[in-house]
Amino acid sequence: MKLKQRVVLLAILLVIFIFTKVFLIDNLDTSAANREDQRAFQRMLSGLRVALDPRLEHTLQSPWEIAAQWVVPREVYPEDTPELGAVMHAMTTKKIVKADVGYKGTQLKALLILEGGQKVVFKPKRYARDYIVEGEPYAGYDRHNAEVAAFHLDRILGFRRAPLVVGRFVNLRTEIKPVATEQLLGTFMTVGNNTCFYGKCYYCRETEPACADGDVMEGSVTLWLPDVWPLQKHRHPWGRTYREGKLARWEYDESYCDAVKKTSPYDSGPRLLDIIDTAIFDYLIGNADRHHYESFQDDEGASMLILLDNAKSFGNPALDERSILAPLYQCCIIRVSTWNRLNYLKNGVLKSALKTAMSHDPISPVLSDPHLDALDQRLLSILATVKQCTDQFGPDVVLVEDRMTLSHL
């Protein structure tokens, strides 16, 4: 064989070798990532039951200090949280030392300070579990149990972007009124034999108070994020106008996602994928009311989209508001890790997992069976939507590998 032919043959073999090596490495990396997703899913399932136990491993720290140390730019709590039950136990049992009207907003809530100085947001029960909220998908009062269910769904999906929430019963006469500010105390009243309050908010009315059963009120408490992590509020790019007859651009512009992709912070970094994760989360819980969202300040788009205020959820199990999924079906991209997790939750696993996760909550049962059944049906719709995208654009375009490093110091 002539020298020139040998050189050409060697060059061809070298090219084949390089492409084979690259192909194998890529496949090995993808396979390794998928195996890690599977292991993470199994770890999540094994830790679903959170017994509210006051014992702490780190006895030199309070539960509030432990929870504060969990927070990092990309998650509110870590995957491995052996002391989650102790923190939640403290949230539902620690003495209330101060009660005030809630922070600015449209819905009734109270801001409580628990023993040790920890702030929590208390949302009162307004509806029975089987009550169906009719009308627009964002209609009705806040649902306290929806906050509890949404937190546990956040755990199951592996996002870990929702602040801790747990149910709590409070005695308005003995626990709240003695430590209430004048502003909150001025909204208390008695209706029949029940103690009630209407608080201060945009839609709060003396004619529409929240009432306890006698003196004892069921509600949810949400752990306030540490003050060292100030929040920044953003208008959601797929927010609604809330005006009859006036559509938002995304509701009529088929190419709207292309415009979003050219706008900061959606033109780079993880924020657009966070928006799509959130759309999936909101569709599952039936939340069509995320007109704004929060991230940490001065993050330049790098921190997570924090899943705050999920109480406009689980209103009507028969209503599947597909428009919530607009970021997914208009952008046609999704994280590989999210896609894998959704597939692991098929065939009734999601309903079973959420039911198990909520079983130890003080206000259990948190959701009625129709709402749990609706989750499994909505999951199928999400999977079908992604399949339509992959059929149209191919999996290499739709499935995005984006695994952020989550460190806890």
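Every residue gets a Cβ built from N, Cα and C, even glycine.
Quick caveat, the model's predicted, so the values are computed rather than measured.
Marked as ATP binding site by TrEMBL: Gln107, Lys123, Thr222, Leu223, Trp224, Leu225, Glu294, Asp309. What TrEMBL lists as Mn(2+) binding site is Asp142, Asp309. As annotated by TrEMBL, domain 'FAM20 C-terminal' applies to 188-397. As annotated by TrEMBL, active site applies to Asp289.
The Cβ neighbour count for Thr222 (ATP binding site), using a 10 Å radius and every protein chain shown, is 25. It is Glu294, among the recorded positions Asp142, Asp289, Glu294, whose Cβ has the fewest other Cβ atoms within 10 Å in the structure shown. With Gln107, Lys123, Thr222, Leu223, Trp224, Leu225, Glu294, Asp309 listed as the residues that bind ATP, the site has a largest C-alpha separation of 20 Å. Here the Cβ of Gln107 (ATP binding site) has 19 other Cβ atoms within 10 Å, regardless of which shown protein chain they belong to. Taking the Cβ of Trp224 (ATP binding site) as centre and 10 Å as the limit, one finds 20 other Cβ atoms among all the protein chains shown. In this structure, the binding-site residues under consideration are Leu223, Leu225, and the one with the smallest number of other Cβ atoms within 10 Å of its Cβ is Leu225.
Neighbour count (other Cβ atoms within 10 Å of the Cβ, all protein chains): 25 for Asp309 (ATP binding site).
Asp309 (ATP binding site) is 9 Å away from the residue listed as 'active site' when you measure Cα to Cα. For the domain 'FAM20 C-terminal' (188-397), the mean pLDDT of the prediction comes to 96. Here the CA atom of Asp142 (Mn(2+) binding site) lies 13 Å from the CA atom of Thr222 (ATP binding site).
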